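Colleague: Found this in Swiss-Prot, in case it helps:
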DOMAIN    3-237  domain 'ABC transporter'
BINDING   G35, P36, S37, G38, C39, G40, K41, T42  ATP binding site
Amino acid sequence: MSIQVKNIEKHFGAFHALKNISLDFPEGQLVALLGPSGCGKTTLLRIIAGLESADEGKILLEGADATNIHVRERQVGFVFQHYALFRHMSVFDNIAFGLRVRPRSTRPSEAEIKKRVTRLLDLVQLGFLADRYPSQLSGGQRQRIALARALAVEPRVLLLDEPFGALDAKVRKELRRWLRTLHDELHITSIFVTHDQEEALEVADQIIVMNKGNVEQIGSPREVYEKPATPFVFDFLGQANRFDGQYHENKVELGEDQIILPNVSEVPHGKVIAFARPDELHIHAQPQDNTIQATFLREVWIAGKVVAELQDRNGRLIEIALSPDEARLHLFRPNQTVWISVSQLHLFADHVA
């Protein structure tokens, strides 16, 4: 089912939560609403579900106006961050619940319910837990059961609000892979809310980056990461070193340092915001042309990766990615003067300045 959001406005008192939001969610895609807390992503999801009403605008489901249709009639499956399973019911009964409370005219027979629940338990790979209770399950297992319960009523769209936010890092990673595989099998239109950039980049077909009630960028994971449209998107997606400076005639002046770049025609001369990923910067023990002078602070070893922390002459903290071999080869010392070269510098006009 395709979903269209047209000119949605939402206020909570004086707080403007959503500002004229218009979006298309293609049928069969897994779309991430990505942004920091308070950006409006969960509010938008709840409006699509029918759990919240908009001040202005429309929600179209399969081209039909669903703005004033009750949540029960939208055929939406919803999965929350906190599993919301019924503690007094078995896993089987939790999944069957939505089917058993239907009006008699649309309620399946018990034989059909058993068949459907068994199929869903197999789908989420937890058939052996059918007779257990939520308190006997791990967090990851509970979330799979919550997803199976949402799918039991055969929704036309699946909405997930930070579905893995309450789980530890390893379980989150496992469930991300599982969700992507499950979606490829079912091809149900799905929207999930997350503030986790890695989660969105790994799972989604399309990412909608939100900030302060606005949409900053829409694109594939590769597009939003490699070609961020705004400084916010660049800074929010992945690690980034930010520099504020002046751009003029192929030179970026960064306080006491300057970097010469190839012609950057799309950026006007004047104040700019410049970004470089940690793997786009390189450390040198000896002075080099076209470099930034800095002081080496320390190395941080994380899961086979090395991050060098430095401070430039303007007091900015800079992070540079090193391979373990590079770190062992150079053996930089705290407070050592080093020089930083830049393989790529991404410039944005500083409209605020």
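Using N, Cα and C of the backbone, Cβ positions are placed for all residues, glycine too.
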Colleague: Identify all same-chain residues not among G35, P36, S37, G38, C39, G40, K41, T42 whose C-beta atom falls within 8 angstroms of the centroid of the ATP site's C-beta atoms; report them in sequence order.
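Modeller: The answer, listed by sequence position, is H195, M210, N211.
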Colleague: With every protein chain in view, what's the tally of Cβ atoms within 10 Å of the Cβ of S37 (ATP binding site), excluding that atom itself?
Modeller: 7
Colleague: Let's check the environment of K41 (ATP binding site): how many other CB atoms sit within 10 Å of its CB?
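Modeller: I get 27 for this one.
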Colleague: Determine the minimum-neighbour residue: among P36, G38, G40, listed as binding-site residues, which Cβ has the fewest other Cβ atoms within 10 angstroms?
Modeller: P36
Colleague: Averaged over the domain 'ABC transporter' (3-237), what pLDDT does the predicted model reach?
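Modeller: 91, rounded to a whole number.
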Colleague: Looking at Cβ-Cβ distances, which residues of the chain lie under 8 angstroms from G35 (ATP binding site) while being 6 or more apart from it?
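Modeller: Same-chain residues close to G35 (ATP binding site) (Cβ under 8 Å, separated by 6 or more) are K41, H195, V209, M210, N211, E216, F236.
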